[in-house]
Amino acid sequence: MTTTTALPYSVQWDDTHITLLNQQALPTITEFIKLYSVEDVFDSILKLKVRGAPAIGLTAAFGVALGANQDGSTDLGEFKQNVTKHIKKLASSRPTAVNLFWALKRMENILQAAKSIPAAKEALILEAKAIFTEDEEMCRKIGEHGLSLFAEGDSILTHCNAGGIATARYGTALAPFHLAKERAFPIKVYACETRPVLQGARLTAWELMQSGVDVTLISDNMAAHTIHHKQINGIIVGADRIAANGDTANKIGTLGLAILANHYGIPFYVAAPSSTFDLSLESGTSIPIEERNGDEITFIQGVKIAPDNVKTFNPAFDVTPNHLITSIITENGIISPDYVKNIPLFVN
Ligand SMILES: CSC[C@H]1OC(OP(=O)(O)O)[C@H](O)[C@@H]1O
C-alpha cells in the first residue's frame with residue numbers, strides 16, 4: 001500500500017491506553033491525549049475530541065477492548081455483564097453516526113462468542129484492530145473511486161471534515177484529495193468553515209494544508225457565491241448514516257449545499273464506507289438527529305457572541321434526500337441512482 005499523507009493517526013491502540021489526537025485543540029495545538037478508561041473514551045466522543053463517523057466507531061471499539069482488558073472478574077458471566085455495560089455506555093455517547101453502533105455490535109458478537117476471559121480479552125483487542133485496519137483500507141479505496149470522478153484542474157467544494165483524522169486514515173470525502181496530491185494531479189479544494197464548531201476551518205483546512213493540498217477556506221454563507229463565481233465543478237461530503245434509499249445524514253449545512261449543487265447543475269457526491277449504511281432504515285426520516293448544547297452557537301472558541309438567554313436550536317446533522325445525490329462513493333465502487341435497487345449490490 002502506498003503512503004499518501006504525512007498526517008498522524010488520530011487514534012492509536014497502545015496496550016494500556018488509547019492515544020488520541022485531540023481534535024478540539026486543533027489547529028492551534030497539535031496535542032495527543034491518553035485515554036485510560038471507558039469513561040475517558042465516552043467523554044472524548046461526547047466532547048468531539050474524537051469525531052467523524054468511522055473514527056468514533058473505531059475509538060469506541062478500542063474503548064471496549066480497554067474496558068475488557070482492565071476487568072478483574074474471574075467469572076465469565078460477570079465479565080460479560082461488565083463489558084456489556086461498557087458497550088451500552090459507549091453507545092449512548094452520540095446518536096447519529098451508525099458506525100458507532102456497527103463497531104459496537106461487532107465487539108458484542110466477539111464478547112458473546114468467547115469461551116474464557118483471557119480468550120475474550122485477546123479476541124476483543126484483535127477485533128478492534130481489525131476494524132481499524134479495515135477502515136484504513138476502505139478509505140484508501142474510496143479515495144481511488146472518488147478521484148476517478150474528477151478531472152485535472154477541477155475545483156471541488158467540501159463541508160465539515162471527512163478526512164484522515166475522522167477515520168483510521170485517508171478519510172472519505174477528503175481521500176481523493178490526498179491521493180491526488182500524491183499523484184501530482186492538480187485539484188483545488190474549497191472548504192466551508194462549518195459552523196457551529198468549525199470542523200472545516202479548524203480541521204479540513206489544517207489537514208489538507210498538512211498534506212500540501214491546495215485548499216481555500218470560505219465561510220458557510222459564501223457557498224452559493226463561490227460555486228457561481230469560482231467555477232466549482234462538484235461538491236463532495238462524508239456521511240454519518242445512509243438509509244436504504246440513499247437518504248444521507250451528514251453535518252448540518254450539507255442539505256443546503258446539495259440544493260445549491262442541484263440549482264447550479266453540478267454533481268453532489270457522498271463518500272462513505274459500507275459501515276456507514278443503515279439498511280434497516282427505509283429512508284432518512286427515521287435517522288436520529290443529534291441536538292447539541294446551544295453554547296456551541298452562542299460561543300465561538302470560548303468567546304460569547306450572542307445575548308444572554310437567547311433561545312437556540314442546534315441540530316448537528318441534516319438529511320439530504322436521495323434525489324439530490326448524484327452518486328455515493330464506497331470502497332466497493334460508485335453507486336448511482338436508483339439507490340433502493342443499487343445499494344444492495346455494493347453494500348450488505
Ligand atoms: C468521515 S465522516 C465525517 C463526518 O463527521 C461528521 O460529524 P462530526 O464532526 O459531528 O462527528 C460529519 O457529519 C462528517 O461528514
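Even glycines carry a Cβ here, placed using N, Cα and C.
As recorded in TrEMBL, the features of this protein are as follows:
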- D240: active site, proton donor (ACT_SITE)
- R51, G52, A53, R94, Q199, N250, K251: substrate binding site (BINDING)
- C160: site 'Transition state stabilizer' (SITE)
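Residues from the recorded positions list (R51, R94, Q199, D240, N250, K251) with a C-beta closer than 6 Å to any atom of ligand 1: R51, Q199, D240, N250, K251. For R94 (substrate binding site), applying a Cβ distance below 8 Å and a minimum sequence separation of six or more within one chain yields I45, L46, I56, L100, E290. Cα of K251 (substrate binding site) to Cα of C160 (site 'Transition state stabilizer'): a distance of 6 Å. Separating the Cα atoms of Q199 (substrate binding site) and the residue listed as 'active site, proton donor' is a whole-number distance of 14 Å.
Highlighted in sequence order, I56, A97, C160, N161, A162, A166, G238, D240, A316, F317 have their Cβ within 8 Å of the centre of the Cβ atoms of R51, G52, A53, R94, Q199, N250, K251, the residues recorded for substrate, and are not part of that set.
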